[in-house]
Amino acid sequence: MEKTTLFDKIWDAHVVKSVPSGPDVFFIDKHFIHEVTSPVAFLNLEKRGIGVKNPSRTVATPDHNVPTVDQDKTIKDKLSRMQVERLRENCARYGIELHDLGSAHHGIVHVIGPELGITQPGMTIVCGDSHTSTHGAFGAIAFGIGTSEVEMVLATQCIMQSKAKKMRITIDGVAGKGVTSKDLILYVIAQISAAGATGYFVEYGGSAIQSLSMEARMTVCNMSIEMGARGGLIAPDETTFEYLKGKEYAPKGEAWDKAVAYWKTLKTDEDAVFDKEYHFDAADIEPMITYGTNPGMGIKIIGNIPTTEGMEGSNKTSYLKSLAYMGFEPGEAIMGKKVDFVFVGSCTNGRIEDIRSVAEFVKGHKKAENITAWIVPGSREVEKMAHEEGLVKILEEAGFELRQPGCSACLAMNDDKIPSGKYAVSTSNRNFEGRQGPGARTMLASPLTVAAVAIAGEICDPREVFEN
Amino acid sequence: MAYDKFTVLTSTAVPLPTDNVDTDQIIPARFLKATEREGFGDNLFRDWRYDVEGNPKRDFVLNDPTYNGKILVSGRNFGSGSSREHAVWALYDYGFRCVVSSFFADIFKNNCLNIGVLPVTVSPGFADKLLDTITANPAATITVDIPSQKITLDSTGESESFDINEYKKDNIQHGFDDIDYLLNMSEEIDAFAADK
């Protein structure tokens, strides 16, 4: 029998038909929608005079542009309010499950899916959001789609999709102190570049990946898109099953045993061939930070910003444009740079484990005076746990401002914007120009590094702050 | 939904020799609040095109009346980042029907093909040649021929072939979209879904 990868197994089981010299008609098990990329899809269904084929396969939540304060009140911004109201109307009209603002299960779509057990191994999952790759942490094929494709899924439960090439990224070994899964993925992206996995679907493996918690695996898979990958996935194992067991939407009783038996078959055959393979040693990885305007522009925090040596043409022009935007010079160190804001949150690092690590770190300390520190839980559930575990108290005493769940300053669609010219160290996923507000300068790092920066008021090595 | 179909496009082109143009630059998130697909062209490249007061930035190519046309020629890794289809709506609404680059991000490329903006991938050398020529001579035209899958710099006759699968090639020439196709195979999908 032909040796196949995990990606092949799930993909091939969901192909309804292969169009000759064209894409596959690809069946979608679970579809997540939010307020920003769905309204035009619903509008088009209406124009075509068709409905939603299988409403029970779609789950909705408003997250991208919701305010993170006063969520119990009417949304002040008219356009944001209209989008959220349109989502409510569409869900009511077509019978789609909605986890609305203020409800117990509200949150960022990629946080609530796993947290509720909706996300499961072997599934095909799509959403009109590129960070849908997060769900790959469970051994699912999960990827972001455009609004036309959202419309396709609503109308037919399928999309037209060409199968991506296959890449495996293996990280073996043990990472050092102060190195988190965010550092692993920022390191990988810096090594292979922001376009290094374009055209590929990535499987992550190796002992350093297998030893990660589900939350940490989600951080890795979440950022697959930041190296251009269509998505990323990790074979399910006991850590996965343990996480899912007892979750509200996970199978129960006999159905659970049957599901686990199937999930255990979901792995890459030993001699299966990938189109591209990378191997990294976790011991080489140190706390990372980005200095430029795409996530591939990352260095170890104790390192220097690369010089332009060896660069030419549009490559060099684009590099210098990026550094000019950031207000940095080629070759200089990043340690000691003054910071104005820190942001803990997003679908990358807005889960309970992230908030725990920040709270543990800042306990008994105060944030530096020059820092505004925002902490935005990924969901109501995360917020609730943070309160129950006493983390909120610790964070507030340290001078952090806890806000309500949503995408918040990760993409700054709501009022949570970093002012022009200011520096923010963020646990989010993108450092693009203006991503956190027009003119905002973003540096991406782990929750641990962000906690250390909040205390020091400048870029610093979390390992040193640890020792002090 | 149906879009303007085309088979052969000859047009002057706009040069944007920047690498890694992400979809946050093409249309910043704060302009994604509409519930209809209208008017996105006004905010295409908003923060590169206008200053904070809303005045056009003179050094940005879309504000330079010398350059115009239905084709945008850009640097490497165009359309990376967010899956927002609004980026393609903005390009389309502004008047672009074709984007040329030596490298496109995956989701962006799919979105383009679904909206009727043709993404043409050329070699890095040819991309540089196109950028240099149209920058120096704004009247230079480029011809994109879908049936023969060929892109030509008309002033010199230099050309390259480009990839597009037969299915999408047919769609874009006839203005069809994937939903038309999928709705026609509803029974097959139902039979498949019965096991899921």
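Each residue, glycine too, has its Cβ placed from N, Cα and C.
Keep in mind that TrEMBL annotations are predicted by a computer and have not been checked by a curator.
According to TrEMBL:
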type: BINDING; residues: A:Cys347, A:Cys407, A:Cys410; note: [4Fe-4S] cluster binding site
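Annotated features, which come from TrEMBL, shown on the structure.
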| residue | record | CB count, 10 Å |
| --- | --- | --- |
| A:Cys347 | [4Fe-4S] cluster binding site | 27 |
| A:Cys407 | [4Fe-4S] cluster binding site | 32 |
| A:Cys410 | [4Fe-4S] cluster binding site | 28 |
An 8 Å radius from the center of the A:Cys347, A:Cys407, A:Cys410 Cβ atoms defines the neighbourhood of the [4Fe-4S] cluster site; name the other residues of that chain inside it, in order.
A:Asp63, A:His64, A:Ile108, A:His110, A:His131, A:Gly345, A:Ser346, A:Thr348, A:Gly350, A:Gly378, A:Gly406, A:Ser408, A:Leu411, A:Ser428, A:Asn429
For A:Cys407 ([4Fe-4S] cluster binding site), what is the secondary structure state per DSSP, taken as helix, strand or coil?
coil
